[in-house]
Every structure is written in structure tokens, then in C-alpha cells.
Amino acid sequence: MVRHFLRDDDLTPSEQREVLALALAMRTDRFARRPLDGPRSVAVIFDKPSTRTRVSFQVGIAELGGFPLVIDAGSSQLGRGEPIEDTARVLDRQVAAIVWRTAGQERVEAMAAAARVPVVNALTDQFHPCQVLADLLTVAQHREAAGGVDALPGMTLAYLGDGANNMAASYLLGGATAGLHVRVATPAAYVPAPSVVADAEAIAARTGGSVLVTHDAVEAASGVDVLATDTWVSMGQEGEGSAREAVFAPFRVDAAVLALAAPDALVLHCLPAYRGKEITAEVLDGPRSVVWDEAENRLHAQKALLTWLLERS
Ligand code: CP
Ligand code: NVA
């Protein structure tokens with residue numbers, strides 16, 4: 001059976017642990033695994049801009065022995081309306097996997113339904129599961145003395161900001177899968193999709209984690225092990241910028257919010273960051289921030305994910 005990674009809960013808790021453990025090992029022995037030797041190719045398609053995702057998949061596929069075939073949708077027939085299913089049929093005879101950043105989740109689902117190779121979600125409007133895999137790896141890396149991946153269950157993560165965006169949804173699903181206590185603090189008009197909260201709650205009930213959606217940043221940040229945020233203006237929302245700044249201002253991650261967290265709390269931001277908006281420069285560039293490790297961990301997490309998916313498909 002072909003395995004895809006379209007949302008965070010496409011990996012079971014034990015599968016997610018396997019991928020994270022492999023990623024931790026690949027951090028230290030970067031060139032040990034070459035599942036794409038040949039080279040076999042992987043298509044990496046972008047319908048939206050990217051720096052980290054583009055670089056980490058392109059470098060990672062090369063490091064796995066493969067050839068990264070990076071396609072900007074605007075310069076392909078997919079961008080001119082060729083059906084997703086036809087694109088899948090053309091690609092899957094030539095590539096070992098398809099990685100796609102696009103808008104609607106239904107688009108990666110359609111690609112996965114038609115393709116006979118693994119499809120990986122490189123960000124949709126609804127989910128950003130590769131990012132949260134890298135975020136969990138970053139927490140495990142910084143808690144290696146406490147057990148690494150084994151230290152994740154029971155930890156508390158608070159996400160402050162846009163609760164309706166892809167990062168909030170992926171923290172809920174991916175965090176619950178890891179057994180985290182996930183708190184999302186967001187304005188009432190920006191709560192996560194009820195179906196995502198329900199799915200995260202069902203996962204958390206099995207993993208020992210929990211889910212809290214609140215409108216109170218202080219309640220969310222108090223005592224947490226991990227404090228996370230994301231831009232208030234996601235790709236495609238640029239026209240709503242100033243209205244969003246006013247409503248999200250009480251959810252900014254600043255020194256006062258960080259002071260509420262555990263003394264050794266880690267600060268995550270998927271980047272790109274907007275200093276002075278969702279996070280202050282003092283916190284982003286401060287001693288608790290692990291955002292550069294987090295960005296590097298996209299490489300290790302995705303190499304492990306591709307290796308794992310290819311071995312099972
Ligand atoms: N965090 C992240 O996905 O960054 P890019 O948009 O630069 O890929
Ligand atoms: N929520 C952001 C994440 C960027 C990596 C966006 O979708 O633009």
C-alpha cells in the first residue's frame with residue numbers, strides 16, 4: 001500500500017516516533033541512508049512561495065542519493081489548469097514521490113488518490129505537517145538528556161496567534177499524536193476548525209495528551225515547555241494585514257509572555273517571522289529561541305519521512 005503524508009495524523013503515534021527517531025539519527029549521521037540511489041527523482045511542486053521548504057527538500061533529496069525535480073506550478077501545465085489526476089499519472093511513472101505546496105487540502109488529497117507513489121503535503125491552507133514534524137524533532141533534540149523522542153509525551157506546547165491557520169491545525173494533530181498537551185490561544189473569530197479539534201482530542205485521548213483552545217494568552221502560556229507562534233498573515237491573506245494586526249495583538253509572543261512559561265521553555269517559529277508583530281525581536285533572537293535549529297530540522301525530518309515512506313510504499 002502506498003503511504004502518503006497529507007496531514008499530521010497520517011502517521012500513527014508509533015509511526016511518528018519511528019520517523020522522529022530516524023530523523024534524530026540522521027541529524028548525526030547525515031549521509032548514512034540513500035533510499036533514492038540511482039538516482040531516483042522526487043517531484044517538488046510549488047504553487048506558493050517558499051524558502052525553507054524548497055531548500056530542505058531539494059538538499060535532502062540530493063543527500064538521499066536522489067534527484068530533486070523542483071517545479072514552480074506557474075511554469076507548468078498544472079498552473080494552467082491541467083487536471084491534478086492527469087498530472088499524477090504523468091509524474092508517477094517517472095518519480096519516486098511527489099511533494100506539493102498548494103492551497104486547498106483537497107488538491108493534495110486528489111493527487112494522492114491518483115498517484116501510485118507517496119505524496120507529501122509541503123503546506124496547504126489547512127495543514128503544514130512537515131513543519132510540525134521538524135518542530136517535534138527540535139524539541140526532542142533539545143531534550144535529548146531527558147530522553148529525546150521519549151521526552152515528548154506529557155510536555156506542554158502553547159501556540160499563540162492565528163488559530164485558524166495551517167500551523168495551529170498541525171500543532172493540534174501532530175502535537176496530540178506525540179502525546180503533548182497542546183494549547184491554542186487565539187481570538188474568538190479565529191478558532192481552529194471544529195473537526196480538527198475533535199480529531200486532535202480523539203488522538204490525545206489515546207496518547208495521554210490533551211487539547212485546549214482558549215482566548216486567553218496568559219492561560220495558554222503559563223508554565224509551558226514550548227511556546228510557538230506563526231505569522232498573523234499567511235500566504236494569500238496579504239490584503240487583510242492591518243485588520244489582522246489589531247485583532248492578534250494580544251497574542252504577541254513577547255518577554256512578558258515568555259516569563260509566564262517554564263524557565264527552560266523553548267520558543268518555536270516556523271519562519272518567516274515578522275519581528276514586532278507576532279513575536280518581538282527580543283524573544284525571536286533571544287536565548288530561549290531555537291528557530292534556526294527548527295529551520296535546519298526541516299532537512300532532517302523530511303529526509304527521515306521520505307526514507308520511511310519509500311520503505312513502506
Ligand atoms: N516554514 C516554512 O515552511 O518556510 P517556507 O515558506 O520558507 O518554506
Ligand atoms: N501560516 C503560514 C506558514 C508559512 C510557512 C502561511 O501559510 O503562510
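Including glycine, each Cβ sits where the backbone N, Cα and C put it.
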Exercise for the section: Kindly point out which candidate in ARG27, ARG101, ARG107, ARG244 is recorded by TrEMBL as part of the carbamoyl phosphate site with SER50, THR51, ARG52, THR53, GLN77, HIS128, PRO129, CYS130, GLN131, CYS270, LEU271, ARG298. Expected result: ARG101
Practice task
Among ASN121, ASN166, find me the residue TrEMBL lists at the same L-ornithine site as ASP230, SER234, MET235.
Solution key: ASN166
Problem - Proximal residue to HIS128 (carbamoyl phosphate binding site) among binding-site residues ASN166, ASP230, SER234, MET235 (C-alpha distance) - result: ASN166
Practice task
Determine which residues of this chain, when ASN166, ASP230, SER234, MET235 are set aside, have a Cβ within 8 Å of the centroid of the L-ornithine site's Cβ atoms, and list them as they appear in the sequence.
Solution key: LEU123, ASP125, HIS128, ASP162, ASN165, MET167, THR231, GLN237
Exercise for the section: May I ask which of the binding-site residues SER50, ARG52, GLN77, SER234, CYS270 have a CB within less than 6 Å of any atom of ligand 1, listed in sequence order? Expected result: SER50, ARG52, CYS270
Handout entry: Residue, out of the binding-site residues ARG52, HIS128, ARG298, whose Cβ gathers the largest set of other Cβ atoms within 10 Å
Key = HIS128
